[in-house]
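Per TrEMBL, the feature transmembrane segment maps to 36-56, 71-90, 147-170, 176-195, 266-284. If you look up TrEMBL, you'll see 37-313 marked as domain 'ABC transmembrane type-1'. Annotated domain 'ABC transporter' per TrEMBL: 353-586, in sequence order. Residues or ranges marked as region 'Disordered' in TrEMBL: 590-610.
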Amino acid sequence: MRVNPANWQVFKDPEGSVQLIRRLVLENASQYASRYFLAFICMALVAGSTAASAWIMKDVINQVFVNRDAFMIYVTAGVVMMIFTVKGASTFGQMVILSRIGNAIIADCQRRLFQRITEQDLSYFDRTALGDLSTRVQHNTTAARNVLEMLVITLGRDILTIIGLVGVMIVQNPAMSAFAILIMPPAIIGVSVLVRRVRKHAKSQFVSTTHILSTLQETAIGIRIVKAFGMEDHMRARMNTAVADVEHRSNKIASLTARTSPLMETLGGFAIALVILYGGYSVVNLDQDPGAFFAFITALLLAYEPAKRLARLHVNLNNNLVGVRLMYELIDDVPELTDKPDAAELVVRGGEIRFDNVRFSYGESAALNGLTMVAEPGKTTALVGASGAGKSTVFSLIERFYEPDSGDISIDGQNTGDVSVASLRAHIAVVTQDTFLFDMSIRDNIALGRSGASDAEIEQAARDANAHDFIMDLPGGYDAPAGEGGGRLSGGQRQRVAIARAMLRDAPILLLDEATSALDAESETKVQAALTRLMEGRTTLVIAHRLATVRHADAIHVLDRGRLVESGTHDSLYAQDGIYRRLCELQFQDGNSKPDETERQSPVSKPAAE
Ligand code: ADP
């Protein structure tokens, strides 16, 4: 999946920084008001002690050096010690408090983002790359923390410090203070030029970071294909491009950020030089107080670091605000498919599923083209048809992963769009081709079928699914880890875990997508027996690949390009000279037991054992 930044809302509104910060503060920072207040007290102490350390220079010079007062040496040394102890302790307090708030903000944003991601419907995941999601959850939440922290530290500590020091400067020598203020306009202009350029690079950096993650993910998931088709070099090239771009952008951002230093150093040096010229002249020729001059110079030098940070703030802030925007973009992406306000709970009596003239397309081309069909309650209905005919789409629509473009889908007369999604899905159990197992124990994987199931119920479900014996042979039994994606189990074993999950769910409606991958004869028999048990008494809709299933089905619906073209039992359909018969004949020809595999030729399970 490729990311197209041109579509992102975020880049169309590059100037809403103030609103963005306001929202960030209201949503994320306001709940920490009391802790922020404590941090501010610490910062005020830091600022106060810094100003005091400049102030005391006057006495150091005048009392100690000019007046040679021995007693005052001890007094000023003691006071200096005190000032710096206060400064150290309050810096410590401020750092600890702010870090804790910062970490809480990251955690909070990550929770909100994941909540939103899990609310999204399938079409969202169809159009969103995983790299994009990971970047937003990992990096962009940190950006939110950085922005708030920068604001607090700068507004709190640096601005207070500068105010304190400028106060000292003005009291000591108002005329000389004017020189220091002279450098402000060129500093502001220089910084805003840098800001614009940083913003541009920050966006590109984000895009390339998502490409790194996407490439990594595609390589890991598709490693077999990557190796089999010798795509390593291709993937490396993709990765290299993205990595090189991130490197390039990071360097650019770093050098633009660093450029605030020479800018401020030059301007600062200029101001200090002016002060020395004027102040020195006043002391030497006009016999002014040297202590006041030193206090002034000290205040100016001390004000210089926070002023530099203030200049960098704007650049860093904008760099991080790009991340904050991307985070909010995800949070604000409201899912399209939600319950109606008056959604009822689905009540299943028999479990009849009815499609009435349903049309649906994923994008341009139609997947269902006016499909009308019924799955009788308590019976097994097989869906067959060439691949791409729309069978999986039927499943997705029953589960309401997508909204049909037109037409009705109902269960026992209740439109699936009118009932709550949760109650709909609670009545459906699904067993798919590629059973996905989560990286937790086998027991927990089965327990996903029904929350709150007891160990005894889980074990019974596993027995019914012919899974108990192989689970007991695993080291750790039910507590054995399934491995990421279920990688530690064979295909047949994974299927039986999925069947156990569905057994436990005990839902009246069963959607079954038979495995196309080859299972050995023993596994096949066990899986088949478990499925037969599972299907008993439930409305079962099965995407059938095995002739055995098709023959046993109460009804067979043949789909072709999103429509129902034939319908009946195996015998009645075979007697017609139609699509179904051709599918069967094709299968017999190559000893293939899968009626729908007209396109894909794969090594397949044994022919139907009948
Ligand atoms: P079947 O299960 O019979 O093989 P599907 O229901 O998967 O068929 O697909 C029906 C049509 O919809 C096909 O043309 C397929 O390419 C398209 N399609 C399926 N899933 C998606 C998707 N997530 N995004 C876009 N097109 C899709």
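Every residue gets a Cβ built from N, Cα and C, even glycine.
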Long-range environment of the transmembrane segment (176-195) - Cβ separation under 8 angstroms, sequence gap at least 6: 166, 169-170, 256-257, 259-260, 263-264, 267-268, 270-271, 274-275, 278-279, 296, 300, 303, 311, 314-315, 318
Paired segments the transmembrane segment (36-56) and the transmembrane segment (266-284) in contact, 3+ CB pairs under 8 A: no
Intrachain residues whose Cβ lies under 8 Å of the transmembrane segment (266-284), provided they are six or more past its termini: 173, 175-176, 179-180, 182-183, 186-187, 290, 293, 296-297, 300-301, 304, 307-308
